[in-house]
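*Asks:* Quick one: the structure is below, and I'll ask about it shortly.
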Amino acid sequence: MGRKLDLSGLTDDETEHVLQVVQRDFNLRKKEEDRLSEMKQRLAEENSKCSILSKHQKFVERCCMRCCSPFTFLVNARRRCGECKFSVCKSCCSYQKHEKLWVCCVCQQARLLRTQSLEWFYNNVKSRFKRFGSAKVLKNLYRKHRLESGACFDILGGGLFEPNLENEGSISGSDSTFYRQSEGHSMMDTLAVALRVAEEAIEEAISKAESHGDSLDKQNEASYLRDHKQELTEELAGTILQRIIRKQKDKAELRAEEEEPEWPRSQSGSVKARGEGTTAPPGRHKARATFRRSQSAFSFTMEDALKSGSAEAAPRSPKDRAQRLLEEAALPSWRSMDGLDGTNLAPLLQSPDGNWMTLKDGSRQPPTRLLTKPKSGTFQALEVASSVTSAYDEIGSDSEEDFDYSEALSKLCPPSQSRLKQPQPQPTQAQSSGQGPLATSPSNPEAMCSDSETSSTSSSREAGCRAKLSWLQRKAPKNPAVEKMPLQGELDVNFNPQAAGGETSDSSDPEETLRTAERRARRWRRARVGPEESNRGLPSPGAHPRALHTAQVSDNVSETDISNETQNSRSSTDSVEEKLRNRLYELAMKMSEKETSSGEDQESESKAEPKNQKGSLSSEENNQGVQEELKKKCSAVSLCNISTEVLKVINATEELIAESAGPWEIPPVSTDRENGMFPLGTDQVRLDKQLTSLEENVYLAAGTVYGLEGQLSELEDAARCIHSSTGETELADLEDQVAAAAAQVHHAELQISDIESRISALTIAGLNIAPCVRLTRRRDQKQRSQVQTIDTSRQQRRKLPAPPVKAEKIEASSVTPIKTFNRNFLLQGSSTNRPTASTGDTKDLMEPDLESAVMY
């Protein structure tokens with residue numbers, strides 16, 4: 001696979017011997033490919049059979065997956081394959097000593113196929129080098145044969161194919177290879193090379209994206225590249241061709257500056273277009289007069305050229321000639337344009353189709369070459385052999401994709417300040433600048449059909465784009481506040497808004513990002529409507545030129561059409577382009593607004609705050625504001641969910657306490673309750689600590705359950721988004737994560753049940769939990785003596801914040817002591833007081849009224 005292969009020095013016998021070797025190599029390759037294809041087919045059938053049989057669990061446990069023979073003790077023992085993980089018999093597998101595992105026969109064949117097919121070689125080397133080995137030798141010999149036989153006469157260029165010793169399939173990273181190829185080849189060969197290189201680049205991008213299987217964004221990128229592979233290939237090939245053509249034109253201009261040929265002047269006032277298409281022998285192709293592309297292809301007419309020639313009869317200075325060369329450099333052409341100088345016109349010969357012209361010389365007649373699409377049989381045979389279309393079918397044609405939106409939007413954008421200060425040019429000035437009146441007239445068919453690939457500095461481009469302005473004029477915004485709004489974003493080819501800093505949105509949910517951008521744009525517009533309407537009556541000095549621009553758009557359309565773009569400075573051009581991008585962004589946002597619902601409009605209108613919104617906010621600050629709003633919404637939702645879960649757990653706990661206390665009765669109000677005293681033998685501090693610890697455990701358990709539920713929901717969403725090509729190992733990892741999360745949820749539920757059992761044990765032991773006192777916030781002595789019931793503590797719990805963070809949960813759970821309770825602490829005292837004490841305790845247990853039993 002060397003860079004060069006020169007076989008020009010071989011004799012006929014040596015060439016014949018090389019051809020025999022190449023033919024034998026091709027035959028061997030074909031046989032090997034047939035054998036590998038049969039092996040692949042057998043493996044595919046075996047895999048399909050295994051996929052069907054593996055669904056039956058009993059068959060997998062009792063029979064061999066390969067030969068379907070049943071397993072028997074000591075006679076036909078089963079063994080587990082190390083690759084496919086299926087159970088196979090002894091006859092269907094072999095032991096690999098270096099790997100220390102059993103491998104079935106099918107997996108061995110798969111390994112052999114991967115080794116013999118050289119997949120790594122074809123994926124990494126052959127995709128980059130299309131022609132190497134025998135194919136490269138054969139191509140070189142064929143080129144040599146064509147050179148010797150003389151059958152390689154270039155139909156299009158009029159020269160011979162020069163032998164290209166470079167590897168045409170190499171993409172070493174430089175475009176010099178393609179430039180060298182295009183010098184000695186026809187444009188058809190150059191286009192074929194560009195298409196092949198573009199296809200290889202797209203395939204390499206797809207393979208790189210597919211290598212990152214764990215990233216959802218890379219998978220989406222790979223699918224997009226596969227779906228739009230043909231369009232992207234054509235676009236990239238066009239870019240490569242433009243670079244090749246630009247370099248060829250630069251070389252031609254340099255040669256023209258060095259030679260500076262003198263062309264005879266035409267003193268006649270009119271030149272008739274004639275269809276004298278003559279042919280010349282091959283020996284005349286070195287004539288000094290070369291063909292030039294017609295003026296109609298660049299929106300020039302013969303009348304305009306003659307007018308400009310008669311107006312400027314004196315020869316131009318070298319500075320004007322250099323300026324003309326710079327203007328011509330921006331025009332797409334397959335041939336040099338040095339001879340199309342308006343001051344030095346010669347008698348012309350026009351082709352029958354009107355697309356190509358040549359200079360007429362009295363002594364020598366130049367050969368006529370029509371560079372439109374040829375119809376000869378040789379050219380068509382070359383097209384079929386190279387499996388590509390002609391370069392002239394697509395290059396230089398008017399299409400919807402080539403339409404320059406920035407130039408078309410100049411009709412909708414106000415002119416620059418420097419343009420307003422210039423007086424309106426007279427028709428004579430417009431003609432002297434090299435642009436005739438027919439070049440900008442909408443009724444001129446030549447101007448309407450001009451090339452869409454000319455530079456933005458040419459006023460003929462504006463005339464060519466007028467036919468496409470109707471759609472953009474219908475979509476133009478009618479709100480002046482919207483027209484004045486400064487937007488900091490830019491647009492790519494697909495009308496995707498991007499930040500000014502160059503950061504692209506790479507989120508996995510493009511619809512959500514689009515809705516966020518739409519809502520933000522609507523808030524900006526509504527916030528700026530009020531201030532701008534108030535400032536409209538008293539315009540500031542800074543806003544006066546902008547309003548003046550808006551008022552004079554309709555009056556200055558003709559002025560901008562005939563003005564010369566080269567007279568404006570760089571700064572004015574940059575400002576116009578920035579305004580065009582902003583206007584195009586406004587159009588895209590207005591089109592997307594029509595698809596939103598009225599409910600979202602009302603919601604965004606109610607939340608709009610004009611005093612906080614400013615037109616000079618950068619895109620980064622706006623993105624930060626949107627992220628903060630999303631965080632607040634998410635925190636509010638999570639706080640609501642946490643509060644709901646905590647209240648459910650607390651209410652369930654209180655319900656268990658109420659049920660364990662027995663049927664409710666309305667006991668008489670005791671004097672101790674009226675005085676705010678606890679029953680005899682009740683340790684107030686101890687009961688409060690116990691209830692506080694129980695509530696903390698409830699909060700921790702509820703927070704753990706909520707966090708685990710969130711993890712489960714995230715795992716479920718990730719499982720739904722998994723691509724169909726996800727491997728078995730990734731699925732197994734996800735299943736392990738789900739099982740671990742489920743185990744944690746089960747553990748949290750066990751903790752909750754343990755807390756409930758402890759509460760019931762406390763109730764059965766005789767502890768009166770209802771008349772406890774909250775000791776969390778004691779600010780004065782009066783609050784300490786107040787008795788709080790379950791009803792009042794429930795109201796306080798509703799005001800509690802969200803449970804602590806995960807670190808605090810772990811610390812609290814590790815520090816929480818284990819409470820031990822004495823069942824006989826009420827039996828302290830004399831034996832005579834025991835019945836009385838037990839009776840009083842029973843009454844205290846029945847004291848909570850019926851209102852606290854209602855669970856809500």
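Even glycines carry a Cβ here, placed using N, Cα and C.
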*Asks:* Of the residues Ser54, Ser134, Ser299, Ser813, which is given the phosphoserine tag by Swiss-Prot?
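*Replies:* According to Swiss-Prot, the phosphoserine annotation belongs to Ser299.
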*Asks:* Between 57-73, 193-209, I'd like to know which one Swiss-Prot lists as region 'PRKAR2A-binding'.
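*Replies:* My reading of Swiss-Prot: the region 'PRKAR2A-binding' range is 193-209.
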*Asks:* Given the ranges 82-112, 826-856, which one is assigned the annotation region 'Disordered' in Swiss-Prot?
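*Replies:* So the range that Swiss-Prot calls region 'Disordered' is 826-856.
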*Asks:* Per DSSP, what is the residue tally for the domain 'RabBD' (4-124) in helix, strand and coil?
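*Replies:* Counting residues by DSSP class gives 70 helix, 17 strand, 34 coil.
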*Asks:* Give me the DSSP three-state residue breakdown of the region 'Negative regulation of PRKAR2A-binding' (232-248), ordered helix, strand, coil.
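*Replies:* Within the region 'Negative regulation of PRKAR2A-binding' (232-248) the tally stands at 17 helix, 0 strand, 0 coil.
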*Asks:* For the domain 'RabBD' (4-124), what's the mean pLDDT in this predicted model?
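*Replies:* When the pLDDT values over the domain 'RabBD' (4-124) are averaged, the result is 85.
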